[in-house]
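One structure below.
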Amino acid sequence: MQILKARFALRATASQFQAWSSAKTRTAATDSKIVEYKPIRSVLVANRGEIAIRVFRACTELGIRSVAIYSEQDKLQMHRQKADESYIVGKGLPPVEAYLSIPEIIRVAKENDVDAVHPGYGLLSERADFAQAIINAGLRFIGPSPKVVQQMGDKVAARKAAIEAKVPIVPGTDGPVTTKEEAVEFCKSHGLPVILKAAYGGGGRGMRVVRKMEEVPSAFERASSEALGAFGNGSMFIERFIERPRHIEVQLLGDKAGNVVHLYERDCSVQRRHQKVVEIAPAPKLDPKIRQKMVECATHLARHVGYENAGTVEFLLDDKGNFYFIEVNARLQVEHTITEEVTGIDLVQSQIRIAEGMTLPELGLTQDKIQAQGYAIQCRVTTEDPANNFQPSTGRIEVFRSGEGMGIRLDSASTYAGAVISPYYDSLLVKVISHAHDLPSSAAKMNRALREFRIRGVKTNIPFLLNVLENQKFLNGSVDTYFIDENPQLFMFKASQNRAQKILNYLGYVLVNGPATPLATKIPPSDVKPYIPQVPLDLSPEAIKRQELTGENTAVQPPKGYKQILDEGGPEAFAKAVRQHKGLLLMDTTFRDAHQSLLATRVRTHDLLAVSPYVAHNFNNLYSLENWGGATFDVALRFLHECPWERLHDMRQLIPNIPFQMLLRGANAVGYTNYPDNVVFKFCDMAVQAGMDIFRVFDSLNYLPNLVLGMEAAAKAGGVVEAAISYTGDVSDPSKTKYDLKYYTKLADDLVKAGTHVLAIKDMAGLLKPQAAKLLIGAIRAAHPHVPLHVHTHDTSGAGVAAMLACAEAGADVVDVAVDSVSGLTSQPSMGALVASLQGTPLDTKIPLQKVSEYSAYWEQARTLYGPFECTATMKSGNADVYLNEIPGGQYTNLQFQAFSLGLGSQFEEVKKAYREANLLLGDIIKVTPSSKVVGDLAQFMVQNKLTAADINARAEELSFPKSVVEYLQGAIGIPYGGFPEPLRSKVLKDMPRIEGRPGKELPSLNFDKLKGELKESFPDINDEDVMSAAMYPQVASDFFRFRDKYGPVKHLDTKTFLVGPAVGDTIEVKIERGKTLDIRTVAVSEDMTAAGEREVFFELNGQLRSVFIRDENASKEMKIHPKAVKGDKNQVGAPMPGTVLTIKVKEGDKVEKGQPIAVLSAMKMEMIVQAPKAGTVKTVSITNGQKLEGDDLICTIE
């Protein structure tokens, strides 16, 4: 300790000698009274956070030893590390009370040879008894005398002093008010509005404006309670409230010799809940005459009361130029920084020097030497969520990056990654101060600095501050205390994307808990990085210049294709061009139906986009590219956690020349149920706007009313209508009479009459044999020579290529194929085989076989990434038994996976036989989603329960059939050709309701605006496409929105990482947008869990260490952890902020109305009433009085 003191003595010598020299040259001319100079060697700061650090820095510059105190809860806070010494105070006391324990603070000071105590601001800084106790202990108090602190801290005494000094005041109470009855009496006598203020504290704590008499009692109680918690005294002062004032405060310095100077004023009008948010020095557009009168009143009042050290006199300035004294803050202010910037005077050092006994003239601080240069702005960055009514945000700071540079000053405390923001103290995180020659320039610097900040893990008010800084009224300096209230646009925020941290959270989740999407097989994704075939580069001077600027190569524009014909001439011109084409046209299903059939629809946008430029450049003469609709919509949301609309937009950007085709399930759109007509029409319209061109419209039962609705919706949207006839049976087999040639030609006639542009045959099970193909296509071609014909099949039997060649020869214009490496089995026939077979013939596709080979090579590698969904895990070859069971190709492998999951894997042959029996039981129906699911569900039900067709017929009245079977028999998906099977239908349905006609016809229109409003309550950033996704799949979409909010754009991850996560030590690159790439290295996963059941996962992101805490879902099951309210569940009420439960207003079984108080929470010295979001009955209450809650912790459920 002696060595430490000697070191400080040496460090202080130069600074203190200079001060001593100045003091020795005093003359009677400079001082009105003799003041003893006594140097200060050590200072204890009786405070915490950034103000403590601010004082420590001043001490260090003056060569003075600094001493910190800290509560038990603050042991990890930065202020104790910035001091030369630090000591715990108030051990065993609550967090705030530790800093309010005067005996404890004096004990630490006396035990550690402290000369003086600086109170900072807040806490004990305006307590006269604290100042007196410091002096009584033989220490120096760096601030006004206890008498002045008492006089100025007592708002009544301060008003009396102002009256004596002839300073204008606002009418108010003569003394502190302690009861609500006194408050009501004052208001009745003096009228409203009034403002309630804490009599023994400031900073907006315990302050309320009251405009209605009935609100006076409750407002008084709340304000008094808040003041008691913040300052230890709940007494209130009441005064008339001045409407539309500016809040101007004058900074003063006084010495022990009676000298007083002002350091100009600050405008603190930008306030919320009477707490200053943004401050400006000097006050803009302040009349110089008013300024002069104001500073004269302030200095006169200070001399009148014998004020010494730093202080602030606060005024309200009305729009007529009248100003009124509010109060004196007998301490340093939070916003003292901007005065320091414009005057160049260090206020904290001045405080210490004055406490040593130096006079203002000795410090060079005479009024004629003090000038204000330029404008300074201070923004208080707080851990509050401006989008959620500024509720406090607590937790661990996961990322902290500040904004710096010329003209920027930062005063902060615990601003570093890993710091924990507790609910016990003020929410101030960092003060950002800008200084420039004028107000707009200062605002521009502040704006730039705030935009450089990156704070993750807790919410901050930075978005709100940026809105303030960009408001023209603020930039003009024309603000009053109503500025925030009257500018609701300040609360319109563009949410921070926080993509990098969200992706780290996703990777951490997979590392701790395993895959976030269910894996169907044990085949792991491969380590391969598929080779992407190159596209020709643009070597024009303009492109080379772009490359120099952006670092990216630019491909030449792909050649024109049928998309351009469609865009220029519309659907009719497109259909005419297709029909006039001499060779066979192809539709490539690789981007949709191929991987739906082989890989459970799991191929991700990431891998589709990688090869898209190659497809655009080399397959421009494709009829279309099937890439959307059908199961891809559902699977993208449910399992791939990506937006199908974004997939469509992204593909269209990369493939501008090939028409896109989707599968539209008629009145079912892309869902599995019936939708109101307006939903189907709006869906098609939005799909066209997003880039869709051709709608293959089908119905799972070939039910014409459903088909026509889908056709009309697609046509009205401006799309190409490709009405599809779903094929089953065998037109070449005379014994199969239900679905004969006449049936199909009649349906074709109906669809052509309904206005289809293209007619399609949808052979979803691959049942169309070559001979049948010739008969069917030949007959339709003869009947409709001008209508393009398009044929779709699956290669389950292995005869797909032969069947498609037969179709082409019979007059088909287009057939469906998949690139070789994802063709065959239950997928489509091979593109390469068909291209090669037609080379040199009149039907030549003109597609180079080499290009098909390169395209196939990519998918051969990419397919290995999807090992967990590989159909060859269970299906090793094609199987001609499809002609018996008629299982659609898209369903075949899914049915096989379902059989395994139900424990029926070894009985799949039985399932296939049961599928045939189930089909016949249901009336030998068309089988395609959703009707195929009905047959599949019944088949597995039969195998699982060991039921035959005879058993089903005999026991139909007593069996509990799958839901899909019951709904089909009710008519929920339409009416099958030939009608429903009887008596089976009657036995199953009994008295259940039946649907007659088109199922969706009677559904009321969906109110999209209402749906959007409901969704925005839980997901504020959703767009219209998200709303449509929710209309299609309500629960699936909500789950996806929650996932997206939590984990961000996981679509940018490579597929192996997305499925199974990275290995420790792996480094991956994630390109989140052009010019922005994340370099992520996985460092470690902690073995130990936190008390909340979380493991810490460490990464290096772009070379900087980051970590995330992930709940271990398996290990934490055995731990008692408070449940969270589920986002979007309106029955659950979650804590709007972290805090302590003060009171619980309801109990289980209580009936509550919407808006009724449920509980009162307290955090960061702010109380919040939690209200019922709906009327209902309280089912459960999950909290207790005094319990500490985290954000979103479940409070209660209401039903």
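Here the Cβ of each residue, glycine as well, is placed from N, Cα and C on the backbone.
Among the features that TrEMBL reports, domain 'Biotin carboxylation' is placed at 39-489. If you look up TrEMBL, you'll see Lys155, Glu239, His274 marked as ATP binding site. The domain 'ATP-grasp' annotation in TrEMBL covers 161-356. Annotation comment: TrEMBL describes 584-853 as domain 'Pyruvate carboxyltransferase'. Residues annotated as Mn(2+) binding site in TrEMBL: Asp593, Lys762, His792, His794. According to TrEMBL, the substrate binding site annotation covers Arg665, Thr929. For 1124-1199, the entry in TrEMBL reads domain 'Lipoyl-binding'.
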Shell of the ATP site beyond Lys155, Glu239, His274, same chain only (C-beta within 8 angstroms of their C-beta centre): Gly172, Ile195, Leu196, Lys197, Met207, Phe237, Ile238, Ile326, Glu327
Summary of DSSP states over the domain 'Lipoyl-binding' (1124-1199), given as helix, strand and coil counts: 0 helix, 39 strand, 37 coil
Which of the binding-site residues Lys155, His274, Asp593, Lys762 has its Cα closest in space to the Cα of Arg665 (substrate binding site)? Lys762
For the binding-site residues His274, Lys762, which one has the sparsest Cβ surroundings, going by other Cβ atoms within 10 Å? His274
Provide the number of Cβ atoms within 10 Å of the Cβ of Arg665 (substrate binding site), excluding the reference atom itself. 26
Closest of Lys762, His792, His794, Thr929 to His274 (ATP binding site), Cα positions, binding-site residues only: Thr929
Densest Cβ environment (other Cβ within 10 Å) across the binding-site residues His792, His794 belongs to His794
Across the domain 'Lipoyl-binding' (1124-1199), the model's average pLDDT, rounded to a whole number, is 84
The most crowded of the binding-site residues Glu239, Asp593, judged by neighbouring Cβ atoms within 10 Å of its own Cβ, is Asp593
Relative to the mean position of the Cβ atoms of Asp593, Lys762, His792, His794, the recorded Mn(2+) site, which additional same-chain residues have Cβ within 8 Å? Thr589, Asp763, Met764, Thr793, Asp816, Gln828, Gly889, Gly890
For Lys155 (ATP binding site), the closest of the binding-site residues by C-alpha position, picking from His792, His794, Thr929, is Thr929
Under 8 Å Cβ to Cβ from Thr929 (substrate binding site), same chain, six or more residues apart: give me those in sequence order, or none if nothing qualifies. Gly630, Ala631, Arg665, Tyr672, Ser700, Pro888, Gly890, Gln891
Could you state the whole-number distance in Å separating the C-alpha atoms of His794 (Mn(2+) binding site) and Glu239 (ATP binding site)? 83
